[in-house]
Each structure stands twice: as structure tokens, then as C-alpha cells.
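**Q** Before we start, here is the structure in question, set down as C-alpha cells.
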Amino acid sequence: MTQLAIGKPAPLGAHYDGQGVNFTLFSAHAERVELCVFDANGHEHRYDLPGHSGDIWHGYLPDARPGLRYGYRVHGPWQPAEGHRFNPAKLLIDPCARQIDGEFKDNPLLYAGHNEPDYRDNAAIAPKCVVVVDHYDWEDDAPPRTPWGSTIIYEAHVKGLTYLHPEIPVEIRGTYKALGHPVMINYLKQLGITALELLPVAQFASEPRLQRMGLSNYWGYNPVAMFALHPAYACSPETALHEFRDAIKALHKAGIEVILDIVLNHSAELDLDGPLFSLRGIDNRSYYWIREDGDYHNWTGCGNTLNLSHPAVVDYASACLRYWVETCHVDGFRFDLAAVMGRTPEFRQDAPLFTAIQNCPVLSQVKLIAEPWDIAPGGYQVGNFPPLFAEWNDHFRDAARRFWLHYDLPLGAFAGRFAASSDVFKRNGRLPSAAINLVTAHDGFTLRDCVCFNHKHNEANGEENRDGTNNNYSNNHGKEGLGGTLDLVERRRDSIHALLTTLLLSQGTPMLLAGDEHGHSQHGNNNAYCQDNQLTWLDWSQASSGLTAFTAALIHLRKRIPALVENRWWEEGDGNVRWLNRYAQPLSTDEWQNGPKQLQILLSDRFLIAINATLEVTEIVLPAGEWHAIPPFAGEDNPVITAVWQGPAHGLCVFQR
């Protein structure tokens, strides 16, 4: 039987060098680590890792080849009160594995025990890691490096984006390969998108609770192997990495960046009653934030929280991010519940992971976007991330909805959000692009549902409609649900146009939710994380071509306005912006706070957004000059010069002179 050589303590994971495979695993509290390899018949061969350098266990298996399936058994104390839950009866996933073979089913053997260990062996049913080859011909691929000021983000789900697309071959719909199909790329280009932001693509598992209800985790925010691609999005699990790289290479050739939504805040092992897949059995005490009683700090709402202040966990997270950039050429990350990244346990801008990213020559050069909160005390950190990070701007989301759908936001507050929320983000040398402006995202109502539903309708999620937020700032315009009279449909359309215009012509970085540009509805479900069906898949056959054209025209208009693309804070008198009332005069203090919802925003001295957010048709006197409405508010031919705009109720128009 082949013996393991000592091997090397770096890099983490399993790496083939042409002659064999080097295996490394971190565990500060293990007493012994066994590498378990499986032949084609499923027979297991165990080897003690002979190398032990600091807290890294390592060994080298000569003659091992790519395709080898493996896992670990980690020996150590079972002391739950101290945070130790070692159980060598359970086969564990390598945290740095790049491919997984098998499914994460709800099986009693995949649990380690709560107070007492479960010593039933689970190797027969446990998922296995697979050694992969890193080689790929990137040809002349280069990152687009779109300037922040020119960036338009499109948030999409790999499967949901293309699964029902009639012009994409059936056999690749809903896959990584479909992302790089010419039909999809041409659509994104025509729309004006510069960055495709994908919901999680790292291997994830469906929560046991969902499996028991016949549901699955659709969004993917339940990670189990952060270096491995989710195989369900591949035409073949064995070619997932190749397919993903092909898609990125094709998108890059079209000038489109790829941003990954990544989950570094918790794992699919959930709470102490959850399954045992990897980290809990490798070194529970190091990987997670542990309370004094041995339970987890649940700052994520998912049962556990990764301890991203521990040096080894910082190294793990940093290596993961570098892997996606260096090996897959991704252009950036959106970090889920990113306040966890800064916990020490209190939130700090100089937290270890932030510092590691700042000092990394690779990670400091890509786009970094934070979801700037978690659910723990002090978890709301909007505006407080380090300068390299942009942040989801929920202030903008709520303000846009309140202004156009609830009619209860003063002009001053609206203008502040329109101007990249400078009161929040203009600090520490940050630029307006730090504000990621959004009206909708994957969680919450779609744009169409914002104007069709006053209340969430999440019954299909199996929680009796308790899940999902109740603070939607939506307006059904008089009737709950889709459909209605022609007048109702037109009023809803006008509200959608107003919200899209506010999003795409405001200062900051706009993010558009995939499907909003053609009227996708989730029928009032504002938490469709477990709906892998036609509720969430984009139905391209029902897409509104008129709304898509309207959205594309707005995006292309944005790119023509220097005040929006130059990424500089607006200052009084700099020619970037002037705020005027309905008579084309500067607003008084009283008008800002208590005046009617009528406003003119003059950008770059030649583009004018005229707003009438009142209930009545209102005459708006435009500033001096020859103004004409421009697409998408008027045709390009035979522009009509006007000095006064008859603003419809809850309407707006864009002019140029």
C-alpha cells in the first residue's frame, strides 16, 4: 500500500503537481487527521497525514491523479461545552475542495450528535471531494476593469436568468454555459449592462427543513464548499469549472464584468442541531464564533457565524477570494451580511479580514461590494465600511419607494438620496460610486410587485406567510394583485417608469434586478429563496419589450451625462447639478422640507429631470433655453421645443437643451 510522504503545508487544499497530490488541512485542536481516499468501487483507504506544521496537517500521495475522491476524518476531543465536536466516524469535506461528488441530503448519518456523539460511520453516503486539474487556456482574456463611474450592475440568478429563454438551446438553459451564449451576451450589451452580479455559485446545500417540505434552497445562501462550483448549474458536474471559465471569458470579450455574491458569514452546518459536513468536525472552536456555553453566536440568522477574526479563518477566506479571482478571473464580489467580516466581535474598519483584503495586491484591485449589516446588536453598518468597499444603499431603496409610492418623503430627503447619499458615504476619501443604489434586489418584491401588492404573499414558502419583511413601501394602486383596468395598468406603468428613472439617473452605482426591465412578477412573494420554479425563473416569452426598451434608453442616457459618470461629489456651483422648483427657481428651505413634491434636477447644465410627484397635473416652467424631451420620454425625430411641461400626476420627464 502506498505510503504518504510528508508533503508541504501550503497551499491549502488538494493540489496535483503532475506526479501526485499534496493534501493540507488546518486544525488547531485536532489530535490526528486521516486522509480517506475512495477507489472506483467506493472502497476506502485511510492514511494518517504525517506532516504537522503549526496548525496545518499535510501529506503527499504519490501517483494520485485528478479525479481522485477523498475526505477527512479528524480525531480530537468531544467537549461540546468547550466548543469541540470532533467525531472521526464522520467523513468531512475539505473546506478548500474544488469539486464535490454526491448530494447533501437530509440523512441521520450526516449528523454528529448534539450532547452525545453519534458514532455511526457515514462514509457510504457522505459527499466526497474530488481532486481537479487547474489548467485552463484563458487565451488573451483580460478583465474589463470598467470604471466605477461607468458601472451598471445587473443582479441575476444563474438558473433563473436563462432557464426559460426560448432562444438559448434547451440543453444548456439554466447553466453556466448559457451565461456565455451569444443571445444572453447580446441582450446584456443592448441593455447597457457592464457587470453581471451572480447570486451564489459556490457549492451550497438545501436546509433539512426545506428538504422535508419538498422545497430547496434556490438562492444559494447556504454554503458548504466555498471553492467548489455548484454542480447543478453545470451541463456536467465534471466540466463545471471549464463551463464557468468559458462563460467568464465570453463575457469579458464583450466588456462585461462578473461579480460573485459570496457568503463568508456562515455555513450550511447551521445550529448545533444541524448537519455535520466540514468545519464543525475539523475545528469547530476556531472556525465559528462560540459562546461561553459552547453554543454558537447566531449573528446571521442561520444558526452559526464564521469567526473572521481568527487568523486561520482569515487565511481561509482570503485564499477563497483569491482563488475566484486568480483561477476564474472574476472581477469582484458582493459580500452577504458583510458586517460579519468586520466583527472582532464588535465591528471595526481595521478588522483582520478587511486588513488582509486591503493589503492583498490581488483583492485590493477588484470590485468589493458589502451588504452592510448583520442581525447582531450593532449590525447595521451602512456607510462604515473601509474605503475599498462600495455598499448596498438601502437608504436609496426606501427613499425612492416612499417618494413615488407612499408620497411621504420631503424633497430634501429625496434629493439627498439622489445625490449618492453624501451624508452617509462622503467620508474617508470615498467616491459617489460607494453608494450601490437599488430599488429592488433578489430579496424583497420585484419592481412589478412593488406596484401591484401592498402585502407579501409568501404562503408557498411553508411558514404561513411569517417570513419576509413587512416593510415593503409598496403600493398596489387600489387593487391587490396583477391585472386590472387599463387605467390601473397605466398608473402602475408610470410608477415603474418613475422608479427606474430615479434609479438609473441618480448619482451612485445603479444595480438593476434581472427581470425588472421586462415586468417579472413573483406574485407578491418577497422572500422567494426556496422557490426553484416558474415563480422565480424569468419568463422571456411574457417580457414587456416596451419596458425593456425604456430601461435600455435610460441606461444609455445615463452614460451621456457627465455629472453621473465622472464619479465626483457634486458641489454647489460646479455645474454638475442645480435643484429647482416648478418655476425654475432655487428651492427655499421651506420648499425642501414642506413644499409640494415638484422638483427639477438640472444635470451637467443640459439634462433636466422634471418631476411632478403630486396627485394633480401640474404646469412646470422649465429653465431658460430650448428644451426638448428625449428618449425614452420622446422619439428621437422631430424634437418639439418646449418651455413649459404639463406634468401628469406622479410623472416625470427628461429634457435636453
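Note that Cβ sites are derived from N, Cα and C of the backbone, with glycine treated the same way.
Sharing the features that Swiss-Prot gives for it:
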ACT_SITE  Asp336  active site, nucleophile
ACT_SITE  Glu371  active site, proton donor
REGION    460-479  region 'Disordered'
SITE      Asp443  site 'Transition state stabilizer'
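Any idea what these are sitting next to in the structure?
**A** For Asp336 (active site, nucleophile), other Cβ atoms within 10 Å of its Cβ number 23.
Around the Cβ of Glu371 (active site, proton donor), the same chain contributes Arg334, Phe335, Asp336, Leu337, Ala338, Glu391, Trp392, each under 8 angstroms and 6 or more positions distant in sequence. According to its DSSP assignment, Glu371 (active site, proton donor) is coil.
Remote same-chain partners of the region 'Disordered' (460-479), defined as residues 6 or more beyond its termini with a Cβ less than 8 Å from a stretch Cβ, comprise 210, 213, 215, 398, 401-402, 405-406, 444-445, 449-454, 488, 491-492, 495, 525-531, 535.
Listed in sequence order, the residues of the same chain lying 6 or more apart from Asp443 (site 'Transition state stabilizer') and placing their CB within less than 8 Å of its CB are Trp219, Asn526, Asn527, Tyr529.
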**Q** List the helix, strand and coil residue totals of the region 'Disordered' (460-479) as derived from DSSP.
**A** 2 helix, 0 strand, 18 coil
